[in-house]
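Lifted from Swiss-Prot, the feature list:
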- Asn114, Thr164, Lys168, Arg286, His318, Ser370: substrate binding site (BINDING)
- Lys166: active site, proton acceptor (ACT_SITE)
- Lys192, Asp194, Glu195: Mg(2+) binding site (BINDING)
- Lys192: N6-carboxylysine (MOD_RES)
- His285: active site, proton acceptor (ACT_SITE)
- Lys325: site 'Transition state stabilizer' (SITE)
Amino acid sequence: SVGFKAGVKDYRLTYYTPEYETKDTDILAAFRVTPQPGVPPEEAGAAVAAESSTGTWTTVWTDGLTSLDRYKGRCYHIEPVAGEENQFIAYVAYPLDLFEEGSVTNMFTSIVGNVFGFKALRALRLEDLRIPPAYSKTFQGPPHGIQVERDKLNKYGRPLLGCTIKPKLGLSAKNYGRAVYECLRGGLDFTKDDENVNSQPFMRWRDRFLFCAEAIYKAQAETGEIKGHYLNATAGTCEEMIKRAVFARELGVPIVMHDYLTGGFTANTSLAHYCRDNGLLLHIHRAMHAVIDRQKNHGIHFRVLAKALRMSGGDHIHSGTVVGKLEGEREITLGFVDLLRDDFIEKDRSRGIYFTQDWVSLPGVLPVASGGIHVWHMPALTEIFGDDSVLQFG
């Protein structure tokens with residue numbers, strides 16, 4: 001007769017629903033779950049669904065004031081991971097209503113915000129997300145995309161070439177600009193600020209921007225080609241970041257750069273909107289990604305961070321090189337490279353793609369192969385990445 005009974009209860013009673021048929025509007029997630037010894041996989045999967053949606057550790061009377069059935073995440077399928085002991089892929093469906101429109105920040109806060117510290121789990125990794133068109137349509141996405149960038153630069157049918165200016169720290173702005181000019185004059189399309197170059201005592205950002213702009217215009221005049229330098233606008237505050245982007249626009253240069261993980265998705269999305277409104281291309285560096293994506297059984301796979309960036313906005317993103325790594329790695333990398341570039345990507349577990357993804361004409365992002373590559377890698381790089389890529393040397 002008691003209408004309400006408190007106490008700890010199993011999550012799987014409410015959140016494990018193997019008979020659930022996913023909706024076209026659901027956000028689907030694939031988690032690699034390693035339960036603690038003695039915790040059944042259904043309970044672990046349901047715990048993930050609960051804690052990343054409407055659940056808390058007990059029943060509360062306010063649950064009766066809403067429709068949990070409408071708002072709860074559901075673990076709808078669990079499968080063991082081949083070759084791994086006590087690891088499972090748990091598939092979770094989230095109703096679209098749980099997420100704020102146009103906010104990657106809110107999406108991640110909900111899906112991966114709390115659940116990774118969960119006691120019932122030894123480890124947890126978000127392997128993939130299916131973003132439904134109903135949600136992706138609430139995002140601007142990349143400021144320009146691959147085709148518009150090629151049209152702006154008048155460069156077709158080949159990868160774009162770039163290099164990072166070294167030594168990355170310690171040069172004066174004048175000498176930095178000299179190096180930029182030599183590289184661009186020598187035939188590169190782009191040069192790049194290193195991700196650590198922001199505005200340090202030995203080279204303040206405004207001086208660097210001026211000397212780099214001078215180098216760009218000189219090289220353009222002498223070669224008759226359009227040149228660019230990724231001016232790093234990353235800063236300690238969003239206001240300062242936008243200030244730097246405004247100055248780049250005033251100089252008339254074609255592209256700025258941002259570290260999207262250290263800078264954060266909120267700042268990145270603001271910058272992407274500014275770039276579209278003002279005709280700037282946006283180059284994205286992924287500093288800090290390995291902190292999140294390197295462990296095989298815990299964290300977030302980079303393909304999820306790549307999808308999130310396509311939604312938040314960027315025209316280029318660093319995506320690894322593949323060169324000299326294992327074959328399997330190559331397939332996985334090509335999987336998320338296609339997720340960045342293509343309109344429609346079929347589910348293909350051999351490439352790590354857990355869901356079919358339809359981007360419905362959201363602009364594509366150019367993958368940037370960067371990090372320890374040199375001229376002898378060229379044949380492999382062009383074969384792996386094809387024409388729609390940026391090969392970033394140095």
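Cβ from N, Cα, C; glycine included.
Within the set of recorded positions (Lys166, His285, Arg286, His318), the lowest number of other Cβ atoms found within 10 Å of a Cβ is recorded at Lys166. Local packing around the Cβ, expressed as the count of other Cβ atoms within 10 angstroms, is greatest for Lys192 among the binding-site residues Lys168, Lys192.
Here the Cα atom of Lys168 (substrate binding site) is found 10 Å from that of Lys192 (Mg(2+) binding site). Relative to Lys192 (Mg(2+) binding site), the binding-site residues with Cα atoms inside 10 Å are Thr164, the candidates having been Asn114, Thr164, Arg286, Ser370. Comparing the Cα of Asn114 (substrate binding site) with the Cα of every entry in Lys166, Asp194, Glu195, His285, these being the recorded positions, the smallest distance points to His285. Between the farthest pair of Cα atoms in the substrate binding residues (Asn114, Thr164, Lys168, Arg286, His318, Ser370), the distance is 37 Å. Counted over every protein chain shown, other Cβ atoms within 10 Å are most numerous around Ser370 among the binding-site residues Asn114, Thr164, Ser370. Remark: Asp194 (Mg(2+) binding site) has Thr164, Ile165, Lys166, Lys168, Leu169, Asn232 as non-local neighbours, by Cβ distance under 8 Å and separation of at least 6 in sequence. Separating the Cα atoms of Ser370 (substrate binding site) and Glu195 (Mg(2+) binding site) is a whole-number distance of 12 Å. The Cβ centroid of Lys192, Asp194, Glu195 marks the Mg(2+) site; residues of that chain outside this set whose Cβ lies within 8 Å of it are Thr164, Ile165, Lys168, Asp193, Asn196, Val197, Tyr230, Asn232, Met257, His285, given in sequence order. Classification of Arg286 (substrate binding site) by DSSP places it in coil, neither helical nor stranded. Note: Glu195 (Mg(2+) binding site) has non-local neighbours Asn232, Thr234, Asp259, His285, Ala287, i.e. same-chain residues 6+ apart with C-beta under 8 A of its own C-beta.
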